[in-house]
Amino acid sequence: MEFFQRFAIPHPSPAIYASMVAIALVSIGIVVGLTYFKKWGYLWREWLTTVDHKKIGIMYLLSAILMLFRGGADAIMMRAQLATPEAKLLDAQHYNEIFTTHGVVMIIFMAMPFIFAFMNLIVPLQIGARDVAFPRLNALSFWLFFFGAMLFNISFVVGGSPDAGWTSYFPLAGNDFSTSVGTNYYMIAIQISGIGSLMTGINMITTILKMRAPGMKLMQMPMFTWSAFIANVIIVFAFPVLTVALIMGTTDRLFGTNFFTTGNGGMDMLWANFFWVWGHPEVYILILPAFGLYSEIISTFSSRNLYGYKSMVASMVIISLLSFLVWTHHFFTMGQGALTNSIFSITTMAISVPTGVKIFNWLFTMWKGKIRFTVPMLYSIGFIPLFVIGGVTGVMLAMSAADYQYHNTMFLVAHFHNAIIPGVVFAMLAGLTYYWPKFFGFMLNEKIGKSTFWLLSIGFVLAFFPMYITGLDGQARRMYTYSEATGFGPLNMVSFFGAGLMALGFVTIVWNIYYSFKNSPRDIGSDPWDARSLEWATHTPVPVYNFARMPQVNSSEAFWDSKKKGHQLFKGEYQEIHMPNNSGVPFVMSAIFFVAGFSFVFALWVPAVIALIGIFICMGLRSFELDHGYHIHVEEIEETEKKLGGAK
Amino acid sequence: MKELFPAKQVMGFVFSLVLTVVALLVYFTDMSFTVGMTVLLVTAFVQAFLQLVVFMHAGESKDGRSIYTTIFYGAIIAIVTVFGSLLILIWDM
């Protein structure tokens, strides 16, 4: 019995017991459902073992939406607790756990898979490739992310959630102050999914550099592909820092090392330093692909080519370098001297310049364009003013002297939500609506989509703009309650109301998907938006080999040229297509990673060692496996093409 | 026969062993901290470069220059990170 006590929740509440029951019921429901409908084989063959970039993209998408709702539930609970002074909905410990998991889930397990979803779905199609460079590695990336996310998410029913903030600063996150296994979950779950992200980075860079269609030069790639390329370069250089910091944190907690302790030569501030060396580039990893999506959408719905293509690329390259030069602005108040703070203030202000260039490029793209106000375009237009406010408050925070006033207040919370929600979340929803027909074969309902946009925008303004004011008035972040005398009550109530509107907005997305699935017409052709780049040149739904013949490219808008200027995109006869085989190894190996991670969290050494051996066996098997893939024959291609409506 | 013998790799292997022995001397002989550290740093970087060029075939592919661009970019970021951290946590604390 003593053995099992470690799995108990240190700080339980009825809500957590209810979640346990709910999780058990849903799991049983899934197993029973799969067995009843005899779908186990289908699930294994078509999804769990797939190496197809489109299916992996869809799985990323589903996971991201799932995590969006989990993180959203956390957010609603926080806003409800703060809606009135001295509320008793959550106690301090629960509030700590909830703001920690909200941050981690939203950044690592919602925003990251969302951008990976679009990279997987779009990049190979935009450059005219049949798949990514390393399809099986891609599957491994996804499953590592997925099992990392699952490991993190079971923390609140097994052993207790992390409670040291999503930044997990030491010494608070050390063994002295965080005694539950929560922070172990943080260290190990992020580590596992971080390995997956690093692999995706390598995979995507190789894909973009090596697998472009004949004739496509680097400066002719569509803007989303450029943004994905730069984001992945940042991933490859930033994630190793996180990996190392997490390993050091793990050994501090599990093996008694002294990297981040306050005694024995350890330095707790080193964690904050490392965390933000990764953390600031991470912001740009998320925002650049979002910018890429906006570029595609704005140019499509303005019926104009993207203004300032070269300056767009140049600004992203500059951002990729500058993003590594600004990390100290996250801890101006840590105690370093004025010289250091001044240097990082200046670099921080400098990074807003290339971002400003991009804003003007989008405005000039729309200038004199024939704008169609579709749902993706609404998000993009709404993004510009809202994001500029986020950017301007960012420059306010960048002034290190003034930052002493703003630091750790709700002003900061308002600022970064103001940058991330219109910047990343709106882009993801715009991209979801824009690319939905390509992958699912029907359009999402425009009317419901527009109400979603308005609910989210108004909800966002009401939820976060009051925080600027309460922050300047002195409301600190991460405080679970406040007294009535502070006068923060009414504005926090407005915030709660705004959060409710946003929640309603997210519910309408689910309703929209259901409604459109039932009612939308299916004969939409392959190019429903009258778009400009290559991903729309193939059929809907996209056949497994993407393009029957390789597209010939000689501009950044080859598909538009083929529609309007008589450019011939596809030439020659069909040829045999070489495709990669499916494999169950990535799934199995990631599942073993989950077991290893869980064992490490609870310091169960025997299963941990066994699982690690299992991981090495999987890697060894791959090394000795001969797998040449398979070929799709010309007759099969002709048949598929005929069924899908003939090649263009 | 001559072109089949991997002379470059064998030389590289011998040289990397020499570098390892030199690095080990720091431990087995009595040097000042500065000298020892200098020897270690120099041998480490030469060793890494040797492995990269001789055994990982850097620069032998068609776009051989791209790998040096990447290393240059990586080196800049590493230098910024290391010296930035030193500035923040030690020199200006």
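Glycine too: its Cβ is placed from the backbone N, Cα and C atoms.
What TrEMBL says about this one:
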- A:15-37: transmembrane segment (TRANSMEM)
- A:38-554: domain 'Cytochrome oxidase subunit I profile' (DOMAIN)
- A:58-78: transmembrane segment (TRANSMEM)
- A:98-125: transmembrane segment (TRANSMEM)
- A:185-205: transmembrane segment (TRANSMEM)
- A:226-249: transmembrane segment (TRANSMEM)
- A:269-294: transmembrane segment (TRANSMEM)
- A:306-327: transmembrane segment (TRANSMEM)
- A:376-399: transmembrane segment (TRANSMEM)
- A:419-436: transmembrane segment (TRANSMEM)
- A:448-469: transmembrane segment (TRANSMEM)
- A:489-514: transmembrane segment (TRANSMEM)
- A:587-617: transmembrane segment (TRANSMEM)
Same-chain residue ranges lying at least 6 outside the transmembrane segment (A:489-514) that approach it to Cβ under 8 Å: 68-69, 72, 75-76, 79-80, 82-85, 429, 444-445, 448-449, 451-453, 455-456, 458-464, 466-467, 469-470, 482
In contact by Cβ distance (the transmembrane segment (A:226-249), the transmembrane segment (A:448-469); 3 or more pairs under 8 Å): no
Remote residues contacting the transmembrane segment (A:226-249) - C-beta distance under 8 A, at least 6 residues beyond either end: 115, 118-119, 122-123, 168, 170, 173, 183, 187-188, 190-191, 194-195, 197-198, 200-202, 204-205, 208, 257, 259-260, 271, 274-275, 277-278, 281-282, 284-286, 288-289, 291-293, 295, 312-313, 316-317, 319-320, 323-324
Result, the transmembrane segment (A:306-327) in contact with the transmembrane segment (A:98-125) (3+ CB pairs under 8 Å): no
